[in-house]
Amino acid sequence: MAELLRSLQDSQLVARFQRRCGLFPAPDEGLGENCAGPVEREARAPALKHLPAVTGKGAGEPANGLRRVAAPQAYVQKYIVKNYFYYYLFRFSAALGQEVFYITFLPFTHWNIDPYLSRRLIILWVLVMSVGQVAKDVLKWPRPSSPPVVKLEKRVMAEYGMPSTHAMAATAISFGLLISTTDRYQYPFVLGLMMAVVFSTLVCLSRLYTGMHTVLDVLGGILITAVLIILTYPAWTLIDRLDSASPLFPVCVLVVPFFLCYNYPVSDYYSPTRADTTTVLAAGAGVTIGFWINHFFQLESEPAESLPVIQNIPPLTTDMLMLGLTKFTVGIGLILLVRQLVQNLSLQVLYSWFKVVARNKEARRRLEIEVPYKFVTYTSVGICATTFVPMLHRFLGLL
């Protein structure tokens, strides 16, 4: 068993997968305009650079509350693509596991398909992402070595590898959607199962192709998600009724996630894991409060639980498609506006309070600034998406 685990963690296994898919590292020497490969691109891999010193209130700790040691910095790594099909397939599949996809797909589901489903998916997404991000900074397993692996993404290189949160999110969303729709909509179960398997498999394979995870990282993410789904499934019905809880419920929803974010495990250097975890937990808190507001003030035109247990999936028409796109455009526009306004306001308040220069990008990484501004911003986004956007849709006659 130990030998099997070591082989699954081997970077050479990832490198062989990349080569089979037509992705090769560029030679160290002589790779210029006369390169024999069909295309030459650039990737980023980690090097080391010291964090700058911190001044002002809160300066007793290093930036981000971390030990001031080496922080990953990017350098140029060239590579050659010999198979465009796999390159674009897996780059697109990797995008399906990014936060950008979920913060567009989940609101679209809420506004155009079924708020009942979006609530379940958002809570499940928040759970697996939070567990996965914390597990990375607790386990501290490195990402695949480069060389021999070619790394195509630079933003998350400062993060640890185990488990793959892309694999966790893709598995949770695809199979959570499958489980939640089987007793609510009539459709061929085998078709839904095939779609869930294809979606999650493509995202998982993309993490190998982009060189960001080992096979063990991906399998670990899938296994952890499966365990979380099995353990929490009996409580899903209870979670569906949380919006009818007592008036003190929103206080708990705000205090507990904020406390968890502020006490996030300390890393040896700055990485975006704490910021991403704060974003996810804050968005989940905002969505939950938004559902509570809708129920408490009776803002829902038709509560999700009042709909028939089994529904036929309506045929997709041109009018329905145009209406959905209009609602999505209006909703995303309002969300982006709220996000920008709240972020700027919260940063200005925090900069003033801690006497920090506003243009100091490193200041955003400080614990006492990063967690509050992200938490306030994305809690506001969650409330806006579930409460104010539907109100705007109703005002514009889109409901």
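Here the Cβ of each residue, glycine as well, is placed from N, Cα and C on the backbone.
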Looking at 278-297, 318-337, which one does TrEMBL call transmembrane segment?
278-297
For the domain 'Phosphatidic acid phosphatase type 2/haloperoxidase' (119-233), DSSP counts of helix, strand and coil?
79 helix, 2 strand, 34 coil
